[in-house]
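Q: Feature list, courtesy of TrEMBL:
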COMPBIAS  1-11  compositional bias 'Basic and acidic residues'
REGION    1-27  region 'Disordered'
TRANSMEM  103-128  transmembrane segment
TRANSMEM  148-168  transmembrane segment
TRANSMEM  175-199  transmembrane segment
TRANSMEM  294-315  transmembrane segment
Amino acid sequence: MRRSSTDESTYRRSPSPEGKEPDFARGGPFRRYSSLYGRAGGGDAGGSFFGLHANPGPKAAQARYTSPKGNKYVVFYLDLSFIFLLELKRCGMARACLQAVKYLMFAFNLLFWLGGCGVLGVGIWLAATQGSFATLSSSFPSLSAANLLIITGAFVMAIGFVGCLGAIKENKCLLLTFFLLLLLVFLLEATIAILFFAYTDKIDRYAQQDLKKGLHLYGTQGNVGLTNAWSIIQTDFRCCGVSNYTDWFEVYNATRVPDSCCLEFSESCGLHAPGTWWKAPCYETVKVWLQENLLAVGIFGLCTALVQILGLTFAMTMYCQVVKADTYCA
């Protein structure tokens, strides 16, 4: 049967003024807010607003299926671009820090390497002109000033070269090698200093005994360095023997001292009376001189330690910066 016009009118909505649909029919602000919070909460196009479910109606349902989906992808790409820009900025900052530390460490290690070259040159010059200069110990004949300078200079040059190469190449292996070598030297120096202050008395006794043994090598063949060292020390410090001028009596088996012990140097003046010789013991005189110049020795040691700590800091800082740069910019 066909419905009458009166029945059909009951299912029709009366038009709103000005030919527009009422706000509740179109969804209105309630539909917009509910749709917004519905999407945020993962609901349907009608959504819910604080637990109140709104029936979207036929037009809202149609809009749900016909609305474009591209806005979600646009937001996603915008977020991704923003994150990418942040990562680029982070990577740029890491690279800038790395470059600054790189050139600082290169300059530091270049000076370190040049210092090693200077020490090595002085050692070679002493070895070529003075022989085994300043060899006073009979137990350690190779422990001369020339050999010590040569070994120290070569080692410093090697460490400086590894540091320069690691800095300019930004190589983690070389930087870590430089750090470990420098740390080993620093710990070795600190250990020697601690042992020296802890066993000062024993070291004094052993040094005096060893120096007295070395007196018997004075003037013998093949010990030009020891002879020259004792002559220079006795002349410059105005002393004679290790603990007394009588130490030379055991060497010569006579009442005699080297000519360098004389108050006024002349040929065979060591055969004269003891009144013409220096009376001060060389060991105590040199020890007092070192104590008087302890401030200068301490400043030198402190500067050396600070340089090594600075090198360790540069090496570890650059190593960390290289790791961060590889992580951010890989």
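Positions of Cβ are set from backbone N, Cα and C atoms, glycine also.
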Q: So what's near the transmembrane segment (175-199) in sequence-distant terms, Cβ-Cβ under 8 Å and 6+ beyond its ends?
A: 109, 155, 159, 162-163, 166-167, 301, 304-305, 308-309, 311-312, 315-316, 318-319, 322
Q: List, by number or range, the same-chain residues at least 6 past the transmembrane segment (103-128) whose CB is under 8 A from its CB atoms?
A: 145-161, 163-164, 167-168, 178, 307, 310-311, 314-315, 318
Q: Where else in the chain does the transmembrane segment (148-168) make close Cβ contacts, counting only residues six or more beyond its ends and a cut-off under 8 Å?
A: 102-103, 105-106, 108-110, 112-124, 126-127, 174-175, 177-178, 181-182, 185, 311, 315, 318
